[in-house]
Amino acid sequence: MAKTPLPKNLELPPAMIEGATSVADWVIVWPIALPMLGAAVLLMARKRPEWQAPFAFLILLATLVANVMLYLRVQAEGPLSMTMGNWLPPYGISLTADSLSALFSMVSAFILLIVILFVQSEIETRENKYGYHPLLLLLLTGVSGGFLTGDLFNLYVWFEVMLIASFGLLIIGGRKIQLDGAVKYGFLNFLATTFFLIAIGFLYGLVGTLNMADIALKAPQVEGGAIAAVAALFFLAFAMKAAAFPLNSWLPASYHAPDPAVSAVFAGLLTKVGVYALVRTHLLLIPQSHGQLQVVMEVVAGATLILAPLGAMAQTNARRALGFLVIGGIGAMMAGLAIGTPLGVFGLAAYAVNSMLVMTALYLVVGLVERMGGTSDIRKLGGIYRANSWLSIMFIVLVFAVAGLPPFLGFWPKMILVLAGIEMQSFWLVGLILLNSILTSIAGSRLWAHIFWRDGREGVNSEQINTKIRPLPQRAVVWGLLPTGALVAFIIVAGLWPEPLFRAGGDAANDVRLASDYVGAVFERVPETKGEGE
Amino acid sequence: MEIALACLIGLFFTVAIYLLLSRSLIRMLLGIAIIGNGVNLLIFTVGRVTREVPPIVPDGEYAPLEPIANPLPQALILTAIVIGFSLFAFLLVLTYRAYQELDADNTDTMRVAEPEDSPRPPLSY
């Protein structure tokens, strides 16, 4: 059907980008596309278990390089955006990276690179055949997609990608405890994404757009209680995803069930996407909601900060105790969100990086301890220091880092959060952040004392040497201890030389504060004058 | 029309939340299925109930001649149905496997990951 020529007087708004997207802008697609392609290829090659690990490692290496390139680009030129299918925003689906999202995406790829090495120390042939590596790559796809997307509905889709990949990883192996944990994890997380979808529906009804930059332009003009209700729904959904108190019960119920490597990835990555989404919605998309919900945020942050380490102290299962420490970190990030000033977001971003690295490393160390002791029950462990002093040194360093003792990595973000709290005059929140540090170091050092320092198991013979400890097999030393040691070394160096962390956190806070840059990056492609439209 | 749909959505959510509060996993699954449908209806309604004119531009024209139905909510619902269906299918199989392995359909008796009589933490140190 031949089209009649366009009438000269027709006024159509521009909707398409003319010409191809420049190749340099594709850098924002690779962190998502590479792991997704890798997962697809590995699924096709599932009959070749020997290919899985090397290929996954290469793909992750390439993903990390792509992430670093994206981060450097964002550092140099400010927020970067690309809209799919040559549609102009807000019609097409945008991917948008600013310093915050590029930073989180980069750290996620780095963590997965370490974990994929660790996986080689424990993977069984059967698990390998059922798609362990593809699921890990898909998880990273979902996480990076969630960080880098510039479209709210697209964020929902990435949440679901992340969710289905984590379901698979949670039950691979099929032990009873895994099925039990997966039921609780599955139902509650699915419910959280459903709440998110409800909030998206209402927001679309109010502002008529789903592009984040477009929402950031339109939502502040919507007045009245409706937008506050939508913001509260977002807060509910994302706080559940982030496992903030009182919506945290799914995390300690499930994170200790799968393999240690899977626990480590979950602890490092999943909850932080929830935190990131909270920052996006409450500080960028609907900025007026931060004031409306500030009291709720403060109460949630304070309660999470205190109750999580108390929960950790009450556990006899080491990995469940670590689950509570993950939640404690979420409390610190929620405090940064509640403060909401640039300094608060600075502390939040830096703490999130710290928490991603440190919690992953803690789970990996405890995974090796379980290998040696055959259990994660701290009453039955003991004497690991005598058997493997390196592991115990790593563990105590990580405990100090998670509690925020100087000169380790966790100290610097907590210092920023305390400064931000003092600046905002919310002294009780500052007090709770400091109290959290004390309680966390008590909980962590109790774990250390029982697992490592004590000579034997609990009971009358606790001074006798624990004979149930087996040395780590060669495979676990090469693939387990070395990557974990490298991660811990990285954490120590980053703690002693915190300059890059400060710069990254400051840039992230700057980008979140300057919403106009984010919006500008998305809409810069709009042509100044409309052409003939052909 | 909107009011009738809003009441229907409210009914869906009521039923779904009632079912989700149950201890039985099968009822919770039904609740998940119903809340998914409620959300789909909600997206449809907040996208404004417009006249049933398909959003198709006639031949030889560059814009639709009369007001058309909003296609975006329908695209969103389609995506949500697909995702919701696949996750529901997963949860269904997971529940069945959990029933086989743990012999429990009641969340109160599913205590493998969180033992009910969990021991007190050690008091040393």
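Using N, Cα and C of the backbone, Cβ positions are placed for all residues, glycine too.
What TrEMBL lists as domain 'NADH:quinone oxidoreductase/Mrp antiporter transmembrane' is A:150-440.
Sequence annotations record features per position, and here TrEMBL assigns transmembrane segment to A:55-72 (among others).
The list of residues near the transmembrane segment (A:92-118) in space but at least 6 beyond its ends in sequence, with Cβ under 8 angstroms from a Cβ of it, reads 28-29, 31-32, 53, 56-57, 60-61, 63-64, 67-68, 70-71, 74-75, 78-86, 133, 136, 139-140, 143-144, 147-151, 154, 211-213, 260-261, 264-265, 268-269, 272, 276, 279, 345, 349, 352-353, 356-357, 360, 364, 367, 479-480, 482-484, 486-487, 504, 507-512, 517-518, 521-522. Positions annotated as transmembrane segment by TrEMBL: A:92-118 (among others).
The transmembrane segment feature in TrEMBL is assigned to A:130-149 (among others).
Per TrEMBL, the feature transmembrane segment maps to A:155-173 (among others).
Below 8 angstroms of C-beta separation, residues 152-153, 156, 159-160, 163, 166-167, 170, 215, 219, 222, 226-227, 229-230, 233-234, 236-238, 240-241, 247, 249-250, 253-254, 286 of the same chain, each at least six residues beyond the ends of the transmembrane segment (A:185-206), sit close to that stretch. What TrEMBL lists as transmembrane segment is A:185-206 (among others).
Summarising the annotation, TrEMBL assigns transmembrane segment to A:226-248 (among others).
Annotated transmembrane segment per TrEMBL: A:260-279 (among others), in sequence order. Distant neighbours of the transmembrane segment (A:260-279): 100-101, 104, 108, 111-112, 115, 118-119, 122, 136, 139-140, 143, 146-147, 155, 159, 162, 166, 169-170, 172, 234-235, 238-243, 251, 319, 322-323, 326, 330, 333-334, 337, 345, 348, 352, 355-357, 359-364, 366-368, 370, 512; these residues of the same chain sit at least 6 beyond its ends, with a Cβ under 8 Å from one of its Cβ atoms.
The transmembrane segment feature in TrEMBL is assigned to A:291-314 (among others).
The list of residues near the transmembrane segment (A:321-339) in space but at least 6 beyond its ends in sequence, with Cβ under 8 angstroms from a Cβ of it, reads 239, 242-245, 248, 251-252, 255-256, 263, 267, 271-272, 275, 278-279, 282-283, 294, 297-298, 300-306, 308-309, 311-313, 315, 345-349, 351-352, 354-355, 359, 362-363, 366, 378, 402, 413-414, 417, 420-421, 424, 426, 429, 432-433, 436, 439-440, 443-444, 447. Summarising the annotation, TrEMBL assigns transmembrane segment to A:321-339 (among others).
What TrEMBL lists as transmembrane segment is A:390-412 (among others).
Packing against the transmembrane segment (A:427-449) from elsewhere in the chain are residues 298, 301-302, 305-306, 308-310, 312-313, 318, 321, 324-325, 328, 331-332, 335, 338-339, 378, 392, 395-396, 399-400, 402-405, 414, 417-418, 421: each is 6 or more residues past its ends and has a CB under 8 Å from a CB in it. Under the heading transmembrane segment, TrEMBL lists A:427-449 (among others).
Annotation comment: TrEMBL describes A:476-497 (among others) as transmembrane segment. Here the transmembrane segment (A:476-497) has long-range neighbours at 114-115, 117-122, 357-358, 360-361, 364-365, 367-368, 371, 390-391, 394, 397-398, 401, 407-412, meaning same-chain residues at least 6 beyond its ends whose C-beta is under 8 angstroms from one of its own.
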What same-chain residues lie close to the transmembrane segment (A:390-412): Cβ under 8 Å, and 6 or more beyond its ends? 325, 328-329, 350-351, 354-355, 357-359, 361-362, 365-366, 368-369, 372, 384, 437-438, 440-441, 444-445, 447-448, 451-453, 481, 484-485, 488, 491-492, 494-496, 498, 501-502
Report the listed stretch (A:155-173, A:226-248, A:291-314) having the maximum count of Cβ pairs within less than 8 Å of the transmembrane segment (A:130-149). A:155-173
Sequence-remote contacts (6 or more beyond its ends) of the transmembrane segment (A:226-248), Cβ cut-off under 8 Å? 159, 188-189, 191-193, 195-196, 198-199, 202-203, 206, 219, 270-275, 277-278, 281-282, 286, 288-289, 292-293, 296-297, 300-301, 303-304, 307-308, 326-327, 330-331, 333-334
So what's near the transmembrane segment (A:155-173) in sequence-distant terms, Cβ-Cβ under 8 Å and 6+ beyond its ends? 124, 127, 130-132, 135-136, 138-139, 141-143, 145-146, 149, 179, 181-182, 185-186, 189-190, 193, 196-197, 200, 241, 254, 257-259, 262, 265-266, 270, 273, 277
